[in-house]
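Undergrad: A single structure is presented below for examination.
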Amino acid sequence: MRDRLFSIIYKYNLHPNRDLGQNFLIVPDIIERNIERAEVGEKDTVLEIGPGLGVLTDPLSKRAGKVYAIEKDCRIVEILRREYNWPNVEIIEGDALKVEWPEFNKMVSNLPYQISSPVTFKLLSREFERAVLIFQLEFAERMVAKPGDKNYSRLSLMVRAKARAELVERIGKGAFWPRPKVDSAVVVLEPKPPEERIDLNENLVKALFQHRRSTVSAALKKSAHMLGLSKDKARELRQVFSRVPHSERRVFQLSPEDVLEIEEFLKKEGVIESYPASP
């Protein structure tokens, strides 16, 4: 696999585009483990974002019934179409954040790091069975953080509201070419059953985590403008903010259930309306 990768690179005099986060995974064992973690079989339709030079796409094509690969770099798209003859792979040229995703039940990807967050939120808005994704290590650690952890963040809370996330493997820089500046990690995501998923007001979550180390009441007072409140209205509501559930707890200690309590209280008080739920 590694030899094939570098022969393609030399053949096309290819220089990875760092702006697109092109760091190609070159360790076959990691690729194989991720396919096994996803439990890919012939009945599965798999989505891959950022296929690069096909080192993951190729083995996926041998296991899955159908593979969709979304690639933004037109050079890479042309190379993939020339070098491989996959009868069950459809390459979609475009930006994964802008193109319409096809129907799929599993995702396996080595994601470009700069789009990790929006891709994750887009994924959580979809129905799927399992995703096995490679992220920057720091991002992965935030994704799986628990309430009260030092790196618990808006990302942690929003993932926790919709899915179960587990960091299953750390990957050193040497597993990629060119070597990235940071280590990476594999995260397995499985959506919670529909009855356990929590839809949260995204504006409220952003307002709270803008001041994640503040108390809940203090964070709301500081970020009232993010709820669409004028300065005068925010001053009027200071006493309401002091009475919210969990008012004296730090924001980074809140679970999705806690934030839902706060949201319901603020709706009853007429502070916020039923904005569209987050992904």
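Keep in mind that glycine also has a Cβ here, set from the backbone N, Cα and C atoms.
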Undergrad: Need one residue: from N13, N85, N105, N110, the one Swiss-Prot lists with N23, L25, G50, E71, D95 for S-adenosyl-L-methionine.
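TA: It is N110, as the record lists it for that site.
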Undergrad: Applying a 10 Å Cβ distance cut-off over all chains shown, what neighbour count does D95 (S-adenosyl-L-methionine binding site) have?
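TA: For D95 (S-adenosyl-L-methionine binding site), the 10 Å Cβ neighbour count is 10.
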